[in-house]
Amino acid sequence: MPKIVVVGAVAGGATCASQIRRLDKESDIIIFEKDRDMSFANCALPYVIGEVVEDRKYALAYTPEKFYDRKQITVKTYHEVIAINDERQTVTVLNRKTNEQFEESYDKLILSPGASANSLGFESDITFTLRNLEDTDAIDQFIKANQVDKVLVVGAGYVSLEVLENLYERGLHPTLIHRSDKINKLMDADMNQPILDELDKREIPYRLNEEIDAINGNEITFKSGKVEHYDMIIEGVGTHPNSKFIESSNIKLDRKGFIPVNDKFETNVPNIYAIGDIATSHYRHVDLPASVPLAWGAHRAASIVAEQIAGNDTIEFKGFLGNNIVKFFDYTFASVGVKPNELKQFDYKMVEVTQGAHANYYPGNSPLHLRVYYDTSNRQILRAAAVGKEGADKRIDVLSMAMMNQLTVDELTEFEVAYAPPYSHPKDLINMIGYKAK
């Protein structure tokens, strides 16, 4: 009976194991997870902190006991894989509760260890990062136990923005700092102005080009020379792949510690796959490498690897489009395609339109800004971005499907919109992009 070992029990690992069991009732499947919880919703964590998700239990899909009962898959939490011997096809596992080590053999090995939050490295009792449910519980408990009021949020990526909004909605007083003037880097820089407007509207302090210089208790000294007091600091300064344990194996890592994979999510070593935040692949619509550490990619990779292991060796990954979205107070920011800093590799043109998200005479209308970049050589769409209070999500999802099917910007005129005054226009913003590009 084949033995399948999975490293990591969150989006990629747990999903892959579950899909394998759906296709294969016989194999022995075991998952090692170094942390306390398995199969939790990472994307829910800021909303648990903000008490938008009223009970943390809704963010936890399975316990190991429930997972085994439903799927006959063994999950061992607090068990960290610390080494791989790919020649003998074994992994070395550390039981983090007992500090004991043991070896586990495998026929197939699936690596989905995820990534860890970067830290600024200050020794302080008031600094936190947010990456898992344990972090969420620690933040929530600290807020309650210490009557937290003023919170410093460091960083201006998606997670930091979501955390800041949820702290504010919880009734706390957050302040945002970021080390540069480039916030929310997945979005075009000039389309981020509503983020600052939303902060100003609520009188939430923020400072760009600012960093922490020192922390002494609750006293924070900044690079600008300012000295302020905060009850809590939440750091959102990026992540790094959990690949240290892989370095002693023959598995190839790139210079940043990620694992390059082929279209079957195979590594360079036979019988070893990599999925989720640890893996790098390529874009679907252009010939460029892509690392997209988001939920859709982990789930898609999990399904493909499960099919491969179950015997369907014809299924392959066609690449990422990098579709992403974030809510920040009243606004939605969404984009798809290559990142803004990758556009310079193409000869491109940009076309954009700003108009109401639905018919102007229908109540509740607000501006929606839609922008599309296309390759001048073949007129195929490279990137699209949308910002507004309404309708950004559906326009970007439609454009994602257009890019998936290699439509040209001109063909957007043929998009048949589901039109009624509360929802759109007879000529939708997507149509207008196509007309303006001609």
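Quick reminder: no glycine exception, Cβ is built from N, Cα and C everywhere.
Swiss-Prot names T15, Q19, R22, S39, N42, K71, K427 as substrate ligands; from the candidate set H173, H178, H299, the record adds H299 to that same site. Measuring Cα to Cα from G276 (FAD binding site), the recorded positions that fall within 10 Å are H299, out of S39, N42, C43, V151, V163, H299. Comment: substrate site residues T15, Q19, R22, S39, N42, K71, H299, K427; largest CA to CA distance 49 Å, whole number.
Under 8 Å, Cβ to Cβ, and six or more positions away along its own chain, K71 (substrate binding site) finds A17, S18, R21.
Neighbour counts were taken as the number of other C-beta atoms within 10 angstroms of each residue's C-beta; across the binding-site residues R22, H299, the minimum falls on R22. The Cβ of L23 has fewer other Cβ atoms within 10 Å than any other of the binding-site residues L23, V153, L161, V163.
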